[in-house]
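*Asks:* Can you keep this structure in mind? I'll have questions shortly.
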Amino acid sequence: MTILRKTHPLMKIVNHAFIDLPAPSNISGWWNFGSLLGLCLIIQIVSGLFLAMHYTPDTLTAFSSVTHICRDVNYGWLIRNMHANGASLFFICLYLHIGRGIYYGSYTYMETWNIGIILLFLVMATAFMGYVLPWGQMSFWGATVITNLLSAIPYIGTDLVEWIWGGFSVDKATLNRFFAFHFILPFIIAAMAMVHLLFLHETGSNNPLGIPSDSDKIPFHPYYTSKDLLGVIIILVLFXSLVLFSPDLLGDPDNYSPANPLNTPPHIKPEWYFLFAYAILRSIPNKLGGVVALVLSILILALFPHIQTANQRSLMFRPISQFLFWLLVSDVLILTWIGGQPVEPPFIIIGQIASILYFLIILALMPIAGLIENKLLKW
C-alpha cells in the first residue's frame, strides 16, 4: 500500500512542499525566516480577527473601541499588544529575510524575488492602514501626511488623494475603507506567499555557498522541520517577552491621544519599520522628487538580479562586496535613526548623505566591486 501522503490529492501538495521536499544539506539559520514570516502572518491574522470582533471603524468610536478592547474584553490587552508588536516582529523577520537574499544572491531566482517585492509592498500597505485604525493622533496625522504624498503625482494627484480619502480630508469614509482593506490584504498576502513558495520550489532553495546543490539534498522533514521549530521557539520567546514586559517600547506615545484635526503633533513620523524610507523621502527638498525616491528605495530591490556583475553568486567569498553589504546595513540603520529625528541640523545633512549613499552602494559600488572581484579571481 502506498503512503497516503504521497497519493491523496491535497496531502500530496503539502508533502511536496513541507515533508519530502529535497533541500540543500548546508542551509543555515538564515533560511529560517521564511517559515517565521508564515508564523507572523498567522499570528497577525488570528489576533486581527479577534480584534475586528470588537473594533468599530467610525471616527467617533474607533479610539474608545480600542480602549474597550484593552480594558473590558477578556485578554483584550494581550490580543491588542500581540497584534501591534506582531507587526514589528513581521518587519524584523522581513528585513532579515531580504538581507539574507541579498547577501547570498537569492535574487537570481527572478520570479521568487519579484513576488517577494510585491509581498513587501503589500505588507507595508497593510501595516500603514492598520496604524490608522486606532484613530490616535499619530494615526490621523500619519494618514494625512502619507496619503497627501500622492498629490505630488502630476495632473491627477489632487483628485487621486480626494478619491482615496472619500472626501476633502481624512475622515470617517477614509477610516472605513482602510479597515476594509486592512482586513482583506492579509489574505491576499497569504495567497501571494503560496505563489512565492510555488516559484521557490520550481528552482529549489539557494544555499550559503551559492552553488548548485542537486548532488547533495536531504528531505525537509525531519531535518528542517526541527530546525524551523527551534527558530519558532526562539522567536516566540522574544515576542512574548516584548508583548508582556514592554508592549509600548516600539509604539508612539502620541497615539494614546485621540485624533484631533486641530492639533498637529510636534513630530509626525511613521512606525519604526518605515523610518528609513521616510528619511529618504524627507532628505529631498522637492515633493515629487521625495515621493519618487521613497518608491525607488523599495523598488530598487527589483534591480538586484540585473546589476549583478560578479561571477560568484554568494558574498561568502567576496570580501569587498561583504564590506559594502554591511555598509549598506549600517546606512539603513542610520536612515532609520534619522527618520525619527526632527528636521533640523545636523540631522538634515546626515539624512541626505545617508540617502545618497544608499542608492550609490546599490547602483554603483556593488556592481563595481563585483567586477574587481572577478579580476582578482583571475590573478
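Just so you know, the numbers here start at 1 and follow the chain as drawn.
Every residue, even glycine, has its Cβ placed from backbone N, Cα and C.
The heme b b562 binding site annotation in Swiss-Prot covers His83, His182. Residues annotated as heme b b566 binding site in Swiss-Prot: His97, His196. The ubiquinone binding site annotation in Swiss-Prot covers His201 and rests on similarity to another entry. According to Swiss-Prot, the transmembrane segment annotation covers 33-53, 77-98, 113-133, 178-198, 226-246, 288-308, 320-340, 347-367, on the basis of similarity to another entry.
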*Asks:* Please compare the binding-site residues His83, His182, His196, His201 by how many other CB atoms fall within 10 Å of each one's CB, and tell me which has the fewest.
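*Replies:* Comparing Cβ neighbour counts within 10 Å for the binding-site residues His83, His182, His196, His201 gives His201.
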*Asks:* When you check the transmembrane segment (347-367) against the transmembrane segment (288-308), do you get at least 3 Cβ pairs under 8 Å, counting only pairs 6 or more apart in sequence?
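*Replies:* Answer yes: the transmembrane segment (347-367) meets the transmembrane segment (288-308) with 3 or more Cβ pairs below 8 Å.
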*Asks:* Using Cβ atoms only, state whether the transmembrane segment (77-98) and the transmembrane segment (178-198) have three or more pairs under 8 Å that are 6 or more apart in sequence.
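*Replies:* No, the transmembrane segment (77-98) does not contact the transmembrane segment (178-198).
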*Asks:* Is it possible to get the count of other C-beta atoms within 10 angstroms of the C-beta of His97 (heme b b566 binding site)?
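*Replies:* A 10 Å sphere around the Cβ of His97 (heme b b566 binding site) contains 20 other Cβ atoms.
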*Asks:* Of all the binding-site residues given, namely His83, His97, His182, which is spatially nearest to His201 (ubiquinone binding site) at the Cα level?
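*Replies:* Checking each of His83, His97, His182 against His201 (ubiquinone binding site), the shortest Cα distance is to His97.
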*Asks:* If you count Cβ pairs under 8 Å, which stretch among 178-198, 226-246, 288-308 touches the transmembrane segment (113-133) the most?
*Replies:* 178-198
*Asks:* Check the transmembrane segment (226-246) against each of 33-53, 178-198, 288-308 and return whichever range has the most CB pairs under 8 Å.
*Replies:* 33-53
*Asks:* In whole Å, how far is His97 (heme b b566 binding site) from His83 (heme b b562 binding site) when you measure between their Cα atoms?
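*Replies:* Here the two Cα atoms lie 21 Å apart.
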*Asks:* In DSSP terms, helix, strand or coil for His182 (heme b b562 binding site)?
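*Replies:* Going by the DSSP assignment, His182 (heme b b562 binding site) falls within a helical segment, counted as helix.
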*Asks:* How big is the gap, in Å, between the Cα of His196 (heme b b566 binding site) and that of His182 (heme b b562 binding site), rounded to a whole number?
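*Replies:* Counting only the Cα atoms, the answer is 21 Å.
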